[in-house]
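Below is one structure, written out as structure tokens; the observations come after it.
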């Protein structure tokens with residue numbers, strides 16, 4: 001089987017597993033909390049999965065020389081307009097989370113424009129970096145910084161928009177990480193990368209200390225981390241460093257219990273306890289904890305192996321491509337998927353603060369699923385381009 005066909009089936013398998021878990025982990029929430037039928041979330045995710053796979057297959061058949069840039073610019077410019085438009089929509093046409101409007105209600109389906117903007121932003125970076133950093137000869141740090149200024153302006157504007165209108169620091173961190181690493185892949189120096197990371201860290205600290213709910217999240221994270229970390233230190237040192245009276249992270253606490261209950265082989269599909277009111281949204285951001293409880297450590301390893309295969313296949317396609325903007329886009333898709341997975345997994349494990357990022361393909365959410373299918377579909381079209 002060819003690389004692109006393997007990629008299609010690998011992504012489809014992850015989508016199937018996500019649909020399966022959307023039923024297994026959401027039945028209690030669906031019936032008890034929302035008073036829907038037990039198949040409510042399952043059917044919605046199944047419909048999104050079918051549409052996503054069809055889109056993925058359809059995009060794999062398009063000619064990227066004609067459609068890649070058109071689709072990329074569409075995803076770059078239309079979602080921001082929708083995000084701004086949501087601010088003026090009545091509550092009947094929009095859904096809120098975290099104090100911000102994030103979804104447009106379209107009857108059976110709710111659309112989250114930010115999920116599609118991430119693909120558009122990745123396209124913009126690939127398209128633009130291929131014209132600047134890739135096309136230029138080796139430059140010193142000062143010249144690189146001058147070249148980087150327009151990107152920083154675009155990112156700051158994006159960060160302000162997402163931060164103010166969407167109140168979503170997690171997505172800003174994700175897009176910033178993609179920008180920084182993609183700069184290195186496009187030929188930027190390690191010194192430039194270090195300066196960008198330093199600046200991003202300073203801005204992140206400022207964003208945290210100016211927001212009460214982010215400070216609380218940081219305290220919840222440190223409360224859980226110090227309990228695990230200080231067990232490795234001598235008692236006297238641990239007691240000296242410990243900060244008492246910190247709130248305990250409800251989500252991470254129950255996620256840890258779920259992973260402990262799952263053990264090596266898991267409780268069995270549908271037999272987990274975490275979904276029974278302990279974590280009502282386990283089928284979304286905490287899906288890895290639900291998988292760990294029902295499928296065990298081995299089941300979780302299977303999921304990570306599938307993601308690893310997916311990433312390797314995309315890298316192989318990127319390596320075959322001669323056009324820099326195409327190969328950079330493929331790398332950007334890898335970064336979006338891998339960073340989302342790692343940030344979510346580290347949040348569930350208590351290593352990082354919980355950021356609310358979905359696990360690609362596995363977490364419940366039609367917009368996230370469709371956006372990832374579009375990204376994979378475009379990669380598949382580029383793989384077909386290498387054959388032509």
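First residue shown is number 1, and so on along the chain.
Any Cβ shown, glycine's included, is placed from N, Cα and C.
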Open item on the list: Taking residue 105 first and then residue 319, would you say Swiss-Prot puts both of them on the same side of the membrane?
Closed with: no
Task: Interface-richest range of 7-27, 71-91, 359-379 toward the transmembrane segment (328-348), CB pairs under 8 Å - done: 359-379
Open item on the list: I need to check the long-range neighbours of the topological domain 'Cytoplasmic' (316-327): which residues 6 or more away from its ends have a CB within less than 8 Å of a CB in the stretch?
Closed with: 3-4, 7, 64, 68, 126-127, 129-131, 134-135, 186, 334, 379, 382-383, 385-386
Open item on the list: At a C-beta cut-off of under 8 Å, are there same-chain residues at least 6 beyond the topological domain 'Periplasmic' (349-358) that contact it? List them, or none.
Closed with: 98, 168-171, 173-174, 217-218, 220-221, 224-225, 228, 249, 251-252, 255-256, 259, 284-285, 340, 343, 365, 368
Open item on the list: Tell me whether the transmembrane segment (359-379) sits in contact with the transmembrane segment (169-186), defined here as at least 3 Cβ pairs under 8 Å among residues 6 or more apart in sequence.
Closed with: no
Open item on the list: As a test of reading the model: what is the averaged pLDDT for the topological domain 'Periplasmic' (349-358)?
Closed with: 82
